[in-house]
Structures are given as C-alpha cells and as structure tokens.
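**Student:** Quick one: this structure, given as structure tokens, is what I'll be asking you about.
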C-alpha cells in the first residue's frame, strides 16, 4: 500500500510539473500541497546546524560548572522536578500527536486514490516526524528538549494553516466548498487535533522556571516566569492577589507576587552597567539614550511589533461595521464573505488590538521599573565617587538646573492613553515612612571594606585608573569652595542632594514618560496611511477635503497649547509664591500665635491664593477653548467632507460611509494630537537624558577615580612609613579646576588653597587638636587627609598619608544620621557589644536623652533626624565614631552644637575615657579652653597655612583671632557655671514603640462620604442644589446632542432609501439641522464647563481657606505633636490635587457617566431584547472594577510608601557622603539602595500589571457584547442599516467607556485621599474663636498691671496640672524675675499668660479678665521674646513691622533702643545689620544674640505694656548680653511691665520682685532683699550655691539703695 502510494505520489509530481494547470483546477497548487514536507525538510536542516553549533562547536568552549545549572540533564531525568501541570501537558501532547498520526494514516489509507492524496501523504510524513521530535524532546537534555518542542509546534501550526486554508476558509465564503470534504468526520478530527497541538497546548502549558543566574535561583519563582502564555497574555496569574484583596481589608505587602529574577536590582545592574558605567567596562563616552537602547533593544523590538499589530488591528471595527452595513444596505447582493465572518471580525480584531496594546504596556511598564532601578543605581554609585564642591560658575549652575520651560512642559502636558494608568505611580507619600533595614552587615564590611592590609590613602595612587577594590579613598564632610565648613558645607550638601534628587525624580520621570517615542515611528505613520487609504476607498476625493481641513485647522490647538504652557508657567510662579508664604508661616506658627497675627497671616495667604486662583481660572478657560477647538475641528471636517461628497455629485449619503468616516476622521485627529504630545514628551526626555549624561561624564571625581590625562609633571612619593599620619610639602584645592586658577573664590572673595609647607605629622595614640579662627581651613586638613580634596604635589618629596589598616571613623560638624533607630545609628552595622554600647551612651551624654524617649534607643530618629535636637544629633554622630573599632578617629568640631555643660561632660567622660585611650584622635574645635588640658599635640591653622604646631601657647601668640575666640570661650564657660537650670535642647515627643508620635493615619477602602461631601458642598457654595442641576443639565444636553448627531446621520441616510432620485433629498435642510445640533452641543458644553469652572474654583478657595484657618487656629498642643512637614504637605500637595486632578477627574467622571447612561438607554430602546446582556455587561464591568479597586488601592499605597525610602536613602547618603566614604561603607550603601529599589519594584510591577488585568477583561467583555449585538441585529432583529449602525455605535461606545470609567473612578479614589487628609485637618481641635463681646476697649491696656488669681494650667484637657493655684500681682512698670529649677513651671506660666495652654483661674490684665478677651486681641497686647526667637524670611524691616504700619524712623529708633547700633560700632559699615538686611527663614543667618536684639526692637515697635523675656544665657556672648540687659533697664517706658524667665541669678537680682517657682507652685514672691532674709528660702539657697554669691548680694544692696533714693 505504501509502495503504491509512493509511486502514485511520484507520478503526481511528474504530472504537476508537466501540466501546472491540472492542479490549479483542484483549487490549490502543488507547492501548497507539499508545504508541510518543505517545512519538515527545513526543520531537519536547521536541527543539523543547531546540533553542530551546540555540540561540535561547544566542545571548543571551556566548560563552566554552575551549581544551579541543569543544562546537562535530560528532561526525563528531571521528570519528578517538573510542575505537575507540565508533566500532564507533555503526556497529553504525546498522546494527541500519536492519535493525530494514526488518524492521518487512516485517512491516507481510505482516501488514497482521491485528489487529496499528496496532501495526506505529506501530512502523514510531517506528523511521523513530529512524533519522533516529541519523543526525543522527552529523552534529550533540557536545552535540546526546548529546541525540539519548538520545531514540533511550528510544524503542527503550519499543518493547521494548510488544512485551514483548504477546509475552513471556504466555509466563510458564499462560493467555495472545503477541498477535503470527502473525508467526512476525519478531516475535522485532524483539524481539531492540530488546533490542540499547535495552539491550545503551547498556550496553556506552564513554562519551566529558568533562573536568570543559575548560581542564584529564586527560592520562590514569580508566577510571571512559570505561568502559561495564555495566562500571561490575559493576566490570570494575578487572580490569587485580586481575590485575596477582596477578602481582606488591606492587602499586606508580603502577599504581593514576588519579583521575577530579571526585576531584581542586582541582576539589572549586572545586565546594564557594562553599557552605562565607564568604570564597569564602558570604554568611551556614550550618550545615555544609546546606552538605554543597547540595554532594552529586545523590549523595544517587541514594543515596535506590538505597536504595528495594534496599528492594523485598530481599524478592524470601522472595517467590520462598514462591511456589515454594506451587507444590510445591499441585502446581501454582490458579497463574497459570509456576514458572520465580520461579526467574528468585530470580536477578534479589537481583542487582538487590545492584547497587542496591553502587551506593549506590559513590556513598557516593566521597562519603566527596570529603568528606574538602573538609573537610580548608576547615579547613586557615581555620586559616591564625585568630589563635592560649591558651584559658583554659571556653567556649573546651568549644568544641573532643570529649566522652568522644560518643567512647565512636563506639568502642562496631557496624559497619553498609555500613560494615564500610571498617573499616580510616582507620587511620594507624605506620611512617615517605615524604615527599611537591609541584611545584617558585618563589622569588617562596615569599617574596613575600603581598606587593604596596611593600605592607606596617599598621593601615590594612579590617576585615571579606578582604585582597586578595597583601596578606594573615603571622605568626610561635604566640601565647598570655602575654607570654613560649618554653614557653607551644609548649603553645598543641600545643593548636591537637591540636584541628585532632581536627577532620580524629575529627570528620571521625564525619561520614563518619553518611553512611548517609538509610537511616533511605529504607530502614527502606519495608522495615518491606513486612515487615508480607508477614507479614500469609501468617500473618494472628498476624503482629501476633510483631511485638508484637519491640516489647516491643526495649528489652532497648537497655538492654544502654547498659551496654556505660558499660563502654566505664570501659574507655577504664583503657586510657588503661595507655597513659600505657607511654608514660612507654618515654620513659625508658634511665634505667630504668640503675637496674635493669625488673622493677618491668614489674609496674607488668602491674597496669594487669590492670585494663584486667577491663573488657574485662566488655565481652565484655555482648556475649555482647547476642548471646543477639538470639537469644532472634527465638525468642520465632517461638514466639508459630507457637503462635497453629497452636493456636487449627488452621491447618496450611506450610513456605512458617513458613520465610519466620522470614526476614522476622529481617529486621524487624535493621531495628530498624539504625535505632538509624544514629540513634546520625547523632547523633555532628551533634556533629562542630556543632564544625566553630563552628570555621568562631566562631574569632577575624587583623585583616585579621576581620568584626567593632563597630570602634573611633578610626581609624588609614598609616605615614609605605612602608619604615618600627616603631610609633607602638600597643597590641596577643593577641585582640580581650582588648582589651575590658584584656588577658588569664596563668597568673601578670598582665594583658598590648603598649603602644608614642610612636615606636619600627627602623633599616634593621643588626642591631636586643630585650632584656628573661623574660616582658617581647619576642616580642610581633615578633608585632605581623607583624600576629599585635590592633591597638588609641590615636589618629588611631597606626600600625605592616612593609614586605613586599623580603620577610620569620622564625625562631621554637620551631624549626619540615618532614618533608623538611635541604636542602629550608633552601631552603624558593626557587631553589637552591649557593654561597649552602654559605655558609649554614658560617655556621650545620651543617657538622659534616651530616658526622655519612651522607646529609648529604639526610637526612630526620622528623616534627617527630625526627632533629635542639633545637640543630640551631634552626640549620636560622636557615639558612632567612638563605638567603632577604628584606630583613627577624626572629629570635626563636634562640640560646636553642644552647650558648655554638655561639652564639659564630653571632654571629661568621653575624650578622657577608656574607649578613646590609645586611639589616634584628630579633633577640630573652637573650644580650646575645654580641650586644651587633654590635647597632646596642637596644630594652629591660619589662612590655609600651618601657623604653629606643638603647644597652645605658641598658637595663641601667633594668632590674634584665635586669642579672641579663646577669650569668648572662657566667658561662655564662666556664664554657664552661673546657670540655675541647665537642660538639653528640647526634642520631639515619641511614641512608645519608637515611631514618630501621631503616625499619620492611612485611610483604607473607598473614599468616605464626609470627604466627598466636603468637595461637593464647597463646589455648590450657598446654592449647592442649583449648581448641580445647572451643571448636570448642561452636560446632559451636550451628551444628548453628541449622540443625537450620530442618530441624525442615520435618519438623513434613510431619506435616500425613500426616494428614487437622490437629488430629491433636501441636502441644505438636513445639513442645517446637523449644524444646529452641533451648535447646541458646543453651547451647552461651554455653559456647563463655565458653571463647573466657577464651582471648582469656589471649592479650591473654600477648602484652602478652611484648611489654613483650621491649622492657624489650632492649639499649641496639636502643633507640638504634629510635624510641620505634614501640615505643609496638606497645604501644598493635597491642595494641588484638589486644584488639578480631582477637579478634572470629577467633571470627566460626570461626563462619562452621562454618556454611558445615554448609550445604554439607546441600545435598550432600539434593541429591547438586549437589556439583559447590557445589564450583564454593566454588572460584570462593575464587578471587575470593584475587585480591581480593592486590590489596586492597597498596592498603590504600598508603592507610594516604598518609593519615598528610595529617595530618602539617596538623600541621606548624599548628605553623609563624606562620612560614608570615611568609614568605607560604600558597598553597604550600594546594597541597601538595591534592597530599597527591590522593595519598591515589587508593588510597582504589581500595580502596573493589575491595570493590565482589568483592561483585558473589560475589553474582552466589551468586544463580546458588541459582536453579540451585531449578530442579534443581523440575524434576529432585521433592522435597517441606520438603526443597526447607530446601535452598534452606541454599544461599542458603551462597552468601551466602561474601562475608562472604572479607571477614572479608581484614580478619583486614589486622589480623593487628599480630601480625606484635608478633612481630618479641618476637624482638628481649635482655640476659642473670636466673638464680638471679646473686643476690649480701644484704650486697653493703659498700663501693665497684672493680677493672677488661682491660676492652674495643663497641656492637654485630661493631662496633669503643670501650674497649681498660682496667685500674685504685678504693678505696672515693675521688673519681675521668675526663677526655678528645671520642671518648676516657668515656661508654662508664660504660655498660660498668653492662654496658649489649657488654664483655669483668672488673669486680670489692666483690670480686664483675659479669658473674656479674644485671643488675638490679648496676644497683640503682650510681647514675648523666646530664648531663641523665630524670625520671618525677608528683611529686618519686614520682621519689625510685617504689616507696614510704621515708618523707617520708628523702626531705626527701636533698633537703636534695643542696642543694635552700639553693638555694631566696631563693624565695618557694609557688614552692619540695617533695615534692608536679609533675614533667612527662622533667622538662621543671624546669631542668637542678634535675633534677641531684633525681637526686643520688635517688642518696642509693638509698644506692649507687658513684655516677657526668656533669657538666652550662654548662647550669646558677653558683649551682646550686656547690651540687651542695658536696653531692658534703660530703654523701656516706665509703664512697661517686664517679666524675665531667668537662667542666671545675675540677670534678675536687681529686679523689683522675684517669683520663685517649685513644682508648679509659688515657693516665694517678694523683693530680693526680703527673700534673702529667709535663710531657709529657695532664693537664698540658690544664691548660697552660686560661685558669685558676693557679687549677687552687692547687686541687691545697690538696688535697695537706689529704690530708697527714688
């Protein structure tokens, strides 16, 4: 039989070659019949080549044994290791292949003499070959198994296509029959088995997990890597996450799908750094764009292919509907394709487009996460190598400054279809972030990761070659061009952090936003070409008229977009101005409340807000004009097209042409807008790519990383011994560029170079002290040792050295702490030694501080150490250095932030303690008096030179400025000894668990009704019902007109069916009605938009006003327990959400809801039978949307919370860059940033993939609904073409809108969290509001008389009393001193007089009870000068008179009376403080003494009858203190009552009366002389304890003598 078949097959080939027409008559060519045989032959040849490649050529490659690799094992050998699903599918595939082969043999045997013999024989040969391949795939090695399986699948697919063309395609036509119909049921069995083998099994079989790195496989593979292709394309692998989220209130982070291998930061680093980082293998400079394309070329290839598939499939609906309407119009005449084909086309075409688009987004969003990870890592690692310096040149400042124009483009751009689902993806949460702890770090990694045995940082390292691992020089404080580090280093640090944060936030966002640039080349040209071709086919040359209108009118939206960008820039300036005012006021809100300025500051904010709202209104109106233009342009297009199509030639207006042309014209307009938008995004991305490229190649690096080729001709020598610490003939500059210019100009116009002439050798095992006046270059010595400065050898004998074998520890003057617990900051990754740790805590004076925290050393310090005071941060930084095992400790003025008492403790307990003994300490300090007794070697620096080395006496003799500073230090020590109640600086309260108190609440689930009600009622104002009726009616009418125009076109088309001659149709009449409908649409839309615009502006105004009023009017207790940054976030980020996203989303939501309702009703009215399917589609969409939102909201919150720690770690590392390099823990921080990136990537990938899950499902049900409706209308409804077209149009619109409606609802809920947060702050506790009865008489107060009766006070309504039943009286003009030890209630008394805390009892001020007076009126009549006063940013004039109520003469007189002019007599005129002098926020650019003088002058300007002063004590120098005391004694009016909270007895011993407090009660109150007569009295005890007792007694006697004379 087989021989006969072979002979017959050979004869058939000869006949077909001799007479080709013979086979043509059979419906297929011989080539088609032998297609499967040809494919089999090609497969065999390819397998031979692959065998040669994998075996023979593979023998020449060195074998690499991977512990995790299974490449040498057979599939059968790993049988029991395969997932159960794979085993089942493999077995089923083998059985199906055998059955198919048997069926084919049976078919060949039964029908061997028929026309299909050649096809059957070819198919049988191919199937036998595939069975062999299937068996071999089970027995072969794993890599060969995959190859053989792919070959078999391909051959089955080719066979399926061949039989499908022969037997399935004819069924879709009216004039053909299947070629193999004679085989009966056998042919359908073969086709079914081929469908299963070629399509079902390859799509449904689970994939084998292949680790990215065989040596490091994941213990829990991601479902994305093992799920089947079908599950991957339709995202079924996410179902467990979604259904779990439905069951729980909040989906925890740990239950999210694990990251895939290729998503981990370490794997991305190994993949990308060779193309990005010039120190990881990249040979020459390469633009970041080309590097990214080299990394992501596979992804962009897939994205391009998917875009092209989508471009073609997008036209499936217009083509399908057009063909169906033509079939109905012609009643089946002249048609070849069955109508059910077009119905399936309406299902499969959009589904294919959806799958292609969603896969494009899937790949692109995965690339987003990868790009964020890669660029963050490369910028972070490069930042660890850079030399930090102040940028003073214009070129430098421009290099890293994002232009406002670029920013405005990014801000004002609309969202694209592929981007809006990620709109909230990059928000950073304003809440306190959980600290991420990386894996345990070993002590060696922490202290010696950059050290080699006996290695040290010196000038002998090779330039241009990266240092060997373990020998990278590490650094200390951030350096600037100035020689003094304290303030300028901090500014440079902030500048650097700001620039780098811009690179990894704004610039990185611009880059990932530009990811869709490929659509400009892959989508737009293809779809434009297809649109033009399609329109020409259905409308002829009239299509070009419409296209011409689009092209001519297209500049209008572009012009409006330019106006919007300009308005956006202006708006952002106003927003910045408002934010600046809000930030300023919130930072000094305590002072504002003390002065009673709440209403005036509220008015100031309101003025800025109104200015901002005016530009928001302008932006919205321009947006409305753009929307109108986008409506009118398609209208004009269609009018021009239809009028030229119908009128001149009198063609009948067929719905199959008009309806579809409308859709295609609209698509064409959208394509042009997309092209402009994508181009704008691409240009923004290019700017950011340029900036990061410049950062990677143009920033100056440390000497050991520098690749500068032009090196000095002078070579340097290594240090004479490996353990020597010091310099010889060395010069250092802050940068290599400075060296060329002989230094860099500092802001004081001085050029600075550190020059060490001769030898400077520090002594080992002792404390070495570096001293010198401010700005002399002390810090520069430490920076030079740490290789932070650029080394310029002066000769062949030049060298410098810092041995690192024993480790180096460093404490910067600008204290640096991580966002971790206090213990973690002290341990800093080293092994925990409890005994050593307790010693460090004690010696660094942290015991008492830890007792104040309820969580002790487990208290989290917060970002930038916000829970710690400056002194506490300094001591934690010192403790870190002391706790380390490093043999060398560099301390940069760690005593500067400490008061004298704490400094003495540190010197006595720590620097003299056993933990420092035997270690080399190099200490930069101004506190020469305290440190001098323990220092064994002293270096004096002056103007960047070594003035002396050896003894302190030599240093004082050679340096007059140093002598002056030592004299001041001695004064400070003496003054500190006189203090009664020394106490550490206050700290923020902490919760019991160590977290920041009042952790920000996270709303779970949906947006609450109270938050939504706040928004809705604010929009409606006093006429909420009328507003919403008008707004919704206008939008409803516009939507009716929008859908009515489509119905009218169908009605117009029906008129041609009712007449024999098309000329009988009154075209102008119907055209006029059509125009009227469009005019009604535009007018109602504009009216509704304007009404809504006024509503959202009203809401923005009211909500902002209520928020600001609530925060300004809250209690002092609430302000003490709420971080200022959180309040500022409400007034900035959350208000911005209400101004922009929420306002736009709500109107869009209303419009879409109305449109869906109208389309739904239209379908039901025209097709009543479809009410149940329509309801089902709606319910299914709502069900999917509910499941989706339940999962997406917690994932979005987790994503936002995970993003902030990445930037927080980045910023913290850059702030402490020198400390990190000094300790040598760069690799630890690299690992930590990878951990945090992975922590962010996990919810980010899930967030994006959940969007794909909902998109695919809603698209699928929408396509099924449209196809089902088309089938019903065609085969059951039998409606006319116009109704069918209108119904299909409505159905497609309804089902397609469901997806975007769900998306908008989700985004509205996410953004609605801002309403929740603002609503919570509007409802906070408030002080007593003002009432008309609380306005005092105009003359009040006429005197400073004060009477207190039974005054008690507490800080919270249910808290303990801090003042208990105080009663006393103060006459007008008296000077009262208040003393007492810590906790006695001095500050509480001052606050209760201003009614800033909860108080009982009565206080009479000039005869009127203060509890009957409005708070603002009371506080405006009392002035308090805090210990460290807060000032507003601006000028001195604005601080003295913030509301411009006095002239300059009055202000200058107040400054003179306060003593400022006498204090500045010895200062050069250009350096004096005047009314025009700038004041930084909080007054940080002024000394404490200067701030107190300005605050005293402000009190004089206010002319208050009651003045309260909290003495500044040792924080100010002796001369300033003398001036202030003199002013208080002689410059105040006689009727001004002065109450001084004293910390030194010397200040108040000449007071009229002294009030001694003890435990919140009055212990004594009388004249000083009378109190001192009581030998058992409190004041007498304080005086007896004083070292200056005699002087104090003399002051009392002098006061008594003066009073008797008067």
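Here the Cβ of each residue, glycine as well, is placed from N, Cα and C on the backbone.
Values in this document were obtained by computation on a predicted structure and should not be read as measured data.
In case it helps, TrEMBL gives these features for our protein:
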type: TRANSMEM; residues: 35-59; note: transmembrane segment
type: TRANSMEM; residues: 86-106; note: transmembrane segment
type: TRANSMEM; residues: 118-140; note: transmembrane segment
type: TRANSMEM; residues: 147-165; note: transmembrane segment
type: TRANSMEM; residues: 185-205; note: transmembrane segment
type: TRANSMEM; residues: 340-363; note: transmembrane segment
type: COMPBIAS; residues: 397-417; note: compositional bias 'Polar residues'
type: REGION; residues: 397-468; note: region 'Disordered'
type: DOMAIN; residues: 494-642; note: domain 'ABC transmembrane type-1'
type: TRANSMEM; residues: 542-564; note: transmembrane segment
type: TRANSMEM; residues: 621-646; note: transmembrane segment
type: DOMAIN; residues: 739-968; note: domain 'ABC transporter'
type: DOMAIN; residues: 1032-1300; note: domain 'ABC transmembrane type-1'
type: TRANSMEM; residues: 1071-1097; note: transmembrane segment
type: TRANSMEM; residues: 1171-1189; note: transmembrane segment
type: TRANSMEM; residues: 1260-1278; note: transmembrane segment
type: TRANSMEM; residues: 1284-1302; note: transmembrane segment
type: DOMAIN; residues: 1346-1584; note: domain 'ABC transporter'
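Could you give the neighbours, burial and distances for every feature on this list?
**Tutor:** Counting only same-chain residues 6+ beyond the ends of the transmembrane segment (147-165), those with a CB under 8 A from a CB of the stretch are 32, 35-36, 39-40, 43, 46-47, 50, 97, 119, 123, 126-127, 129-130, 133-134, 136-137, 140, 180, 187, 190-191, 194-195, 197-199, 202.
Long-range contacts of the transmembrane segment (340-363) within the same chain: residues 172, 233, 299, 302-303, 306-307, 309-310, 313-314, 316-317, 319-321, 323-324, 327, 418, 421, 1248-1249, 1251-1252, 1255-1256, 1259-1260, 1262-1264, 1266-1267, 1270-1271, 1274, each at least 6 residues beyond the stretch ends and with a Cβ under 8 Å from a Cβ of the stretch.
Long-range contacts of the transmembrane segment (542-564) within the same chain: residues 412, 532, 535-536, 619, 622-623, 625-626, 629-630, 632-633, 636-638, 640-642, 644-645, 661, 665, 668-669, 672-673, 676, each at least 6 residues beyond the stretch ends and with a Cβ under 8 Å from a Cβ of the stretch.
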**Student:** Mind checking which residues reach the transmembrane segment (1171-1189)? Cβ under 8 Å, same chain, six or more beyond either end.
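**Tutor:** Answer is 242-243, 245-246, 1006, 1160, 1163-1164, 1250, 1253-1254, 1257-1258, 1261-1262, 1265, 1268-1269, 1294-1295, 1298-1299, 1301-1302, 1305-1306, 1309.
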**Student:** Provide the three-state DSSP residue tally for the domain 'ABC transmembrane type-1' (494-642): helix first, then strand, then coil.
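**Tutor:** Per-class counts: 142 helix, 0 strand, 7 coil.
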**Student:** Which sequence-distant residues neighbour the transmembrane segment (1284-1302)? Criterion: at least 6 residues beyond either end, Cβ under 8 Å.
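**Tutor:** Long-range Cβ neighbours of the transmembrane segment (1284-1302): 317, 321, 324-325, 328, 655-656, 659, 1043, 1046-1047, 1050, 1149, 1152-1153, 1155-1156, 1159-1160, 1162-1163, 1166-1167, 1174, 1177-1178, 1181-1182, 1184-1185, 1188-1189, 1254-1255, 1258-1259, 1261-1263, 1265-1266, 1269-1270, 1273-1274, 1277.
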**Student:** Sequence-remote contacts (6 or more beyond its ends) of the transmembrane segment (35-59), Cβ cut-off under 8 Å?
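**Tutor:** That would be 122-123, 125-126, 129, 143-144, 147-148, 151, 154-155, 158-159, 162.
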**Student:** State the residues, same chain only, that lie 6 or more residues beyond the ends of the transmembrane segment (185-205) and have a CB under 8 A from a CB inside it; answer 'none' if no residue qualifies.
**Tutor:** 85-86, 89-90, 92-93, 96-97, 99-100, 103-104, 106-107, 110, 123, 153, 156-157, 159-160, 163-164, 167-168, 178, 228-230, 233
**Student:** Can you work out the mean pLDDT of the predicted model over the domain 'ABC transporter' (739-968)?
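**Tutor:** Residues in the domain 'ABC transporter' (739-968) carry a mean pLDDT of 81 in this prediction.
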